[in-house]
Amino acid sequence: MLQNLQGRSLTAGVSLACGFAFLLFGYDQGLMGGLLSNPEFVKTFKNPNPTIQGQIVSTYYLGCIVGAFISIFVGDILGRRRAIMLACTLVVIGGTIQASSYSLGQMFPGRVIAGMGTGMNTTAIPMWQSEMSKAKHRGKMIVIQLTLVLSGVVIVSWMNYGFSFVQSSSISWRFPIAFQIFFALTSIILTFFMPESPRWLCLKDRHDEATEIMGRLAAIPPDSREVTESMALVLEQLKHEREFTGDRFKEVFTNGKQQNFYRICLGAGCFVMQQMGGINVSASYLPVVLMRAFGFGERMALVLAAVASMTMVLWGALGALLIDRMGRVRMMIVGAACMSLCYVFVAAGLSQDTKAWNGVAVAFLFMYYVPYGLMFVSIPYLYPSEINSQTMRNTGTAIAMVVNWLFVYIIVLITPDSLANIGWRFFIVFAVLNACFVPFIWYFYVETKRLSLEEIDRMFEIYHDSGKKISFEEAAGRAKEESEEIKRQVWNNEHGKSLDVEDQHIELAKV
């Protein structure tokens with residue numbers, strides 16, 4: 001039954017498979033922050049100091065770096081589906097080792113293995129979802145996936161709070177760790193029954209399978225006009241890219257007609273800004289931050305962390321209404337500016353060390369989740385999967401994820417010691433960095449809303465061929481005109497009107 005889904009049902013099935021894997025990602029993000037304040041967990045691992053606590057959290061992110069790095073080499077070999085299923089299998093293995101740990105010697109390898117799975121998942125899932133979505137829905141679908149990431153944080157936050165009442169037993173921390181296996185197994189089962197990305201199939205010259213899946217996604221016959229036109233656009237752009245793309249790894253450092261280096265930097269830059277914007281100080285350590293910086297008790301800190309994660313789910317969901325209207329660039333600019341302002345007030349409130357000003361700091365720490373959820377949470381996962389070319393999409397997305405997990409690792413490693421040593425001044429760093437991101441985004445970043453993946457590819461080529469004398473907005477307009485012309489040519493050719501698509505493609509590029 002699942003293998004015969006079509007149209008919206010198939011899109012929903014793919015989204016659900018991706019959603020459980022991203023729920024798993026969010027669950028793991030928030031897991032350790034709550035367990036570090038669990039007395040039974042602390043007792044089992046011999047009362048770890050702040051440095052060891054940072055290592056317990058950060059070894060997971062080392063695994064994520066390794067998993068994303070491996071994806072550079074195996075992502076296009078395995079395909080999107082098999083990569084996700086392999087990744088979830090690693091999470092099952094890693095989760096089992098962690099839940100049965102009695103020493104750091106067991107915990108650390110389990111964290112690394114589970115992290116490898118998450119690193120691979122966060123590379124493959126955005127690509128699969130993007131390649132299975134229509135241009136007008138692509139942003140919205142990725143936002144929904146990232147809302148599920150936040151939902152995973154909510155689930156684990158309340159689970160940590162609930163188990164804080166049974167702290168006399170190790171089940172209070174073993175069960176929350178083991179529960180991640182449920183999400184991983186569910187994702188494996190659902191993904192098994194879903195089809196492969198038609199664009200990956202085209203990359204492997206499996207055109208008949210790609211045509212069939214495109215028909216299923218649109219719930220129309222594979223030989224219909226819409227499918228024929230879509231396949232023509234994908235194959236035309238793929239052929240065009242192969243003419244200009246040499247060795248895949250050399251292309252990472254070239255900036256010719258395809259502008260691959262620039263595009264990879266744009267995708268990776270999103271994650272640098274997201275992580276250096278301070279989200280993982282909250283996501284991974286919020287209960288610890290509330291206890292150490294604000295003086296809350298353990299249970300109150302867990303409740304506040306759970307409530308904060310619930311508000312972020314709300315704002316993240318509302319972001320789906322904005323992303324294809326405001327666009328990626330405007331949302332990141334507004335989000336960075338507002339996040340900077342929030343951290344200014346957090347630092348100011350904590351610096352005064354009075355009850356009233358502490359209240360201001362807590363309020364703005366929670367307020368931070370509004371611009372982050374609305375404007376910034378999803379775009380770094382969406383942007384690399386759409387900004388990179390067809391032939392370089394896996395490589396570019398995987399590199400972006402390596403950069404992401406590297407910066408996550410740095411932030412979660414330094415946070416415990418930074419909070420202990422410099423206190424409120426730590427938040428000033430993020431206020432300044434977010435403010436610096438605003439002009440950087442405005443100057444360097446390119447809008448992609450409502451453009452198909454093939455139109456984004458052509459936009460960069462047209463911009464390059466113009467000698468960079470036109471704007472990206474104008475290049476995007478010309479790319480849309482080209483795609484419409486190619487569709488007309490395909491339709492005319494189907495009806496006996498022979499037109500040379502290649503010659504017309506070249507002529508349009510000169511306009």
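Glycine is treated like the rest: Cβ placed from N, Cα and C.
Heads up, TrEMBL stuff is auto-annotated, nobody curated it.
Annotated features, as they stand in TrEMBL:
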type: TRANSMEM; residues: 12-32; note: transmembrane segment
type: DOMAIN; residues: 14-449; note: domain 'Major facilitator superfamily (MFS) profile'
type: TRANSMEM; residues: 52-74; note: transmembrane segment
type: TRANSMEM; residues: 83-102; note: transmembrane segment
type: TRANSMEM; residues: 141-161; note: transmembrane segment
type: TRANSMEM; residues: 173-194; note: transmembrane segment
type: TRANSMEM; residues: 300-322; note: transmembrane segment
type: TRANSMEM; residues: 329-350; note: transmembrane segment
type: TRANSMEM; residues: 356-383; note: transmembrane segment
type: TRANSMEM; residues: 395-416; note: transmembrane segment
type: TRANSMEM; residues: 422-445; note: transmembrane segment
Per the Cβ filter (under 8 Å) with a sequence gap of at least 6 from its ends, the transmembrane segment (83-102) is approached by 17-18, 21, 24, 28, 44, 63, 67, 71, 74-75, 109-121, 123-125, 128, 174-175, 177-178, 180-181, 184-185, 187-188, 191-192
State the mean pLDDT for the domain 'Major facilitator superfamily (MFS) profile' (14-449). 86
Who are the chain neighbours of the transmembrane segment (395-416) in space, where the CB to CB distance is under 8 Å and they lie at least 6 residues beyond its ends? 50-51, 53-55, 57-58, 61-62, 64-65, 67-69, 71-72, 75-76, 115, 119, 122-123, 126-127, 248-249, 251-252, 260, 263-264, 267-268, 270-272, 274-276, 278, 280-281, 284-285, 288, 380, 384-385, 387-389, 426
Would the transmembrane segment (173-194) and the transmembrane segment (12-32) count as touching if the test is at least 3 Cβ pairs under 8 Å, pairs 6 or more apart? yes
Contact between the transmembrane segment (141-161) and the transmembrane segment (52-74) (3 or more Cβ pairs under 8 Å, separation 6+): no
Contact count check, CB pairs under 8 angstroms to the transmembrane segment (52-74), set 12-32, 300-322, 329-350; argmax is 12-32
Are the transmembrane segment (356-383) and the transmembrane segment (12-32) close, by which I mean at least 3 Cβ pairs under 8 Å that are 6+ residues apart in sequence? no
Please report, as numbers and ranges, the same-chain residues at least 6 past the borders of the transmembrane segment (12-32) whose CB is under 8 Å from any CB of it. 2, 5, 56-57, 60, 84, 87-88, 91, 114, 118, 121-122, 125, 128-129, 132, 141, 144-146, 148-153, 155-157, 160, 176-177, 179-180, 183-184, 186-187, 190-191, 193-194, 283-284, 305, 309
